[in-house]
Amino acid sequence: MKKKQLKSMREYLAALEEIGEVKTINEEVDWDLEMGAIIRYCNETGSPAPLFTNVKDAKGFRALGAPAGVSKQDKLYLSRYALSIGLPATATGQDIVNALIEGRNNEPIPPVEVSNGPCKENIIKGDDVDLYKLPVPLAHMGDGGRYINTFGTIIVQTPDGKWTNWSIARIMIADKTKMTGLVIPFQHIGRVHAEWKKIGKPTPFALVLGSQPMIPIISSTPLPEGMNEVDYIGGYFGEPLELVKAEESNLLVPAEAEIVVEGTISHEETAEEGPMGEYPGYIWNKSSSQKPVYNVTSISHRDNAVLPVVVAGAPIDDDHPVMGIGGAAEILHCLREAGIPATMTWSPFETACHWLVITMPKDWKEQMNSNSEELMQKIADVVFTNKFSTIISKVVVLGDDIDPTNTDEVLWAYTTRVHPTRDLYTYTDHTTIPLVGYLSEEERINGKTTAAIYNGLAPDEWKAEDYPIRSDFNHGYPKEIQESALTKLKKAGF
């Protein structure tokens, strides 16, 4: 499938406009809860992404809500994600996963440095830095503050310059020149931060808010440690990204970025962060804690810059496709690398990325010369050592007569094919992030829980004649009968 790279947020907005997936709100909107309420409503109803042009106290800035949400329009359910990665707006979930797999197998292409870019149209430093001038919402009732980063890319680099990591993590404004947010030690930003601590220096960072849409997608994808996300994007599209030198460090940032916030992450200074409504669908009242401080020394931005805003919560919002699709694609790549002939993987959005579904071909036993118990262990060895598994600890394995992107089919197969005890495989001491919804307080603190695989494949002893026939329209009738029925239904006005 041919890819069309949208090279800026402006190009992305134009593409959304063409298919009716963005609508402009010119009336003044209050950043204090009202903006968050509008975005949540749009998410929950599959409405177009709201583009705010008049946010209270944020003159000269715009904000885009639900930049990667799903759509209620026919055949455009995943249009925002599809356009973001260069596919037609009508691409299916399986089309998207296959495209990401193809990109993963391409040769990475490093970026090129350019001398200037639109992100340098306005440069603010020193006493003029004021984060409160940006259109940052208090997104949920009960949030601990205004979260500036919900869909932006944090750029950090190891002190030796060998690894540049692009990632997404929530960041809250602490005051006009300080931010605070999650820097989880086992995540990539945490590993880079630890390298700077070893040499006694704060970690330089650049926070990119608003960019070509592929950047936040890949910043959320669990690529292996040491792989540069920017190189993956170059390889995916077959051409290098254009980056420009940051104002405060040797980091390079996307030249077309809407807003770039720069400074350093402290190893000693902390601030109270949280709670925040998060992707599992809850606000944990007792979830605030001290987190590292991001000291901000400059803000660069385009004229009339656009801040992307995700208001996380109960499914389905932007977090679920963005985390779920990229993570599933990376798992599928790793399964195949390990010799497991999986046909597709998917994290159903309705599960808030707490499930991973893997489908296998009917002849997997012959291909692998194996049995179910061995297969489950091999799957566990791949999945539960992958970064993505820190948010997913329930894996459902099904035959590939099931479309894993169809949640109705998945639930039907899970309930009718998985035995409650015989098909359950559990694995203790599983690493987890603290945001997973069902954790006990002890598990949340220790970052460890139990993971499970549910085997919905046919029993090993079954022969070809033992498999039941699906009793539905597509499988229960000859093709000529299906075609005849459809013709008569159409004539009758169905």
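Here the Cβ of each residue, glycine as well, is placed from N, Cα and C on the backbone.
Keep in mind that this is a model prediction, so the values were computed, not measured.
The secondary structure of GLU278 (active site, proton donor), as reduced to three states from DSSP, is coil rather than helix or strand. Cβ neighbour count for GLU278 (active site, proton donor) (all protein chains, 10 Å cutoff from its Cβ): 21. If you look up TrEMBL, you'll see GLU278 marked as active site, proton donor.
Sequence annotations record features per position, and here TrEMBL assigns K(+) binding site to TRP166, GLU229. Counting every protein chain shown, 24 other Cβ atoms lie within 10 Å of the Cβ of GLU229 (K(+) binding site).
Residues annotated as prenylated FMN binding site in TrEMBL: ARG170, GLN187, HIS188, GLU229. Secondary structure at HIS188 (prenylated FMN binding site), as computed by DSSP, is helix.
Under the heading Mn(2+) binding site, TrEMBL lists HIS188, GLU229. According to DSSP, GLU229 (K(+) binding site) sits within a helical segment.
If you look up TrEMBL, you'll see 13-100 marked as domain '3-octaprenyl-4-hydroxybenzoate carboxy-lyase-like N-terminal'. Helix, strand and coil counts from DSSP across the domain '3-octaprenyl-4-hydroxybenzoate carboxy-lyase-like N-terminal' (13-100) read 32 helix, 15 strand, 41 coil.
The domain '3-octaprenyl-4-hydroxybenzoate carboxy-lyase-like Rift-related' annotation in TrEMBL covers 113-315. Taking the domain '3-octaprenyl-4-hydroxybenzoate carboxy-lyase-like Rift-related' (113-315) as a whole, pLDDT averages 97 in the prediction.
Per TrEMBL, the feature domain '3-octaprenyl-4-hydroxybenzoate carboxy-lyase-like C-terminal' maps to 322-448.
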(message) For TRP166 (K(+) binding site), which of the three DSSP-derived states applies: helix, strand, or coil?
(response) strand
(request) Among TRP166, GLN187, HIS188, GLU229, these being the binding-site residues, pick the one whose CA is nearest to that of GLU278 (active site, proton donor). (result) GLN187
(request) Run through the domain '3-octaprenyl-4-hydroxybenzoate carboxy-lyase-like C-terminal' (322-448) and tell me, per DSSP, how many residues are helix, strand and coil. (result) 57 helix, 24 strand, 46 coil
(request) Would you mind reading off the Cα separation of GLN187 (prenylated FMN binding site) from TRP166 (K(+) binding site), to the nearest angstrom? (result) 11
(message) Rounded to a whole angstrom, what is the C-alpha distance between HIS188 (prenylated FMN binding site) and TRP166 (K(+) binding site)?
(response) 9
(request) Using only the Cα atoms of ARG170, GLN187, HIS188, GLU229, which the record gives as binding prenylated FMN, return the largest interatomic distance in Å, rounded to a whole number. (result) 19
(request) Can you tell which of ARG170, HIS188 has the least company, meaning the fewest other C-beta atoms within 10 angstroms of its C-beta, among these binding-site residues? (result) ARG170
